[in-house]
Amino acid sequence: MAGEGDQQDAAHNMGNHLPLLPAESEEEDEMEVEDQDSKEAKKPNIINFDTSLPTSHTYLGADMEEFHGRTLHDDDSCQVIPVLPQVMMILIPGQTLPLQLFHPQEVSMVRNLIQKDRTFAVLAYSNVQEREAQFGTTAEIYAYREEQDFGIEIVKVKAIGRQRFKVLELRTQSDGIQQAKVQILPECVLPSTMSAVQLESLNKCQIFPSKPVSREDQCSYKWWQKYQKRKFHCANLTSWPRWLYSLYDAETLMDRIKKQLREWDENLKDDSLPSNPIDFSYRVAACLPIDDVLRIQLLKIGSAIQRLRCELDIMNKCTSLCCKQCQETEITTKNEIFSLSLCGPMAAYVNPHGYVHETLTVYKACNLNLIGRPSTEHSWFPGYAWTVAQCKICASHIGWKFTATKKDMSPQKFWGLTRSALLPTIPDTEDEISPDKVILCL
């Protein structure tokens, strides 16, 4: 049986299918040096990396069997859904979940799912050690592959989050598979903030954009200002100002969040983002580098309006990311985040040992030590070699440093930080005595 150190290596490494390494290479692989490159790191002006590669998860293999269609359960209905026990991740609807499964119990379970509705439950553990979960998300398999490695049957899966649920009951079958009785949570769709005071005779005067309008040039900006003024003109009939209604308007909230997202990806196009407020709010939730406590809070929210308001509040206030173990050692900030994937700056990836890491890409990180030599094996970003990165203070695993294998690639280096190792914090300001007194919109 592998010791605790072996299990940690398996969790942090992307390659090394075999758990044991040759004895003569152990000293080289454990070599520890301070990461100096981050001090001079600058945001890349040009990115020639194919941003579609990370989302395709090519490291799982190209010949996966794909499925079409989707399984959706009725709102408020009660369902009994099997649980994958090794998945320790808070899955967001619409988020992709790659998996590599080795345990015979899980392999058998997935085979049975393929013959049925391909849906399993991912529990949002509020306490992983005690396996406590009140909420979760259904996941549907859309790509599947079986193979054998040294006589061990391996199942590789790509799944996507579908619907939120509340856990009603958990029970374990005789074969060891856990079944969850859940209630599917509905999405509360709120009417327009102006619907209560909008005169039906003036409905024909409203203007609606046929498609998302570019805000890049001044002309588009003027159009947007005019559109907003016309949209909230009925506020003049009430005792409340127009800006108050805009605080709860889905379109306005989405536009404010898009401005933040463009700071992470200057080439971001509106066409690449969901136009539906519900899907958009989940897309943002999946790429926010927040801890499990905040993510579960977002998962509980049943209204896209409230979810968008909370996400905007988090993006504005939680600007520093620290080591979760040290809690005060800053690793990076919101300004250093950039996107190297079509799905945004953060996505879930799985290593050959089956450990799933939600990895945030940043162009600058500090207070890190590098462990071992660079390796291209099983790299989540093809063309880049990875090196394990640890906190310089407490030596806890933070993520990886990625370096380009070719000189013409841009960026030449970046860091991938695992969400589970980061703690979002609110920096002290002169106007605030303590960050604890700052209340997020949850």
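Each Cβ is built from the backbone N, Cα and C atoms, and glycine gets one as well.
Noted from Swiss-Prot: of S25, S52, S174, S379, the annotation phosphoserine belongs to S25. Between the C-alpha atoms of C326 (Zn(2+) binding site) and W380 ((S)-thalidomide binding site), the distance comes to 27 Å. For the domain 'CULT' (318-426), residue counts in helix, strand and coil come to 6 helix, 55 strand, 48 coil, using DSSP.
Note: the CA-CA distance between C391 (Zn(2+) binding site) and W380 ((S)-thalidomide binding site) rounds to 21 Å. Nearest to C323 (Zn(2+) binding site) in space, judged by Cα atoms and limited to the binding-site residues H378, W380, W386, is W386.
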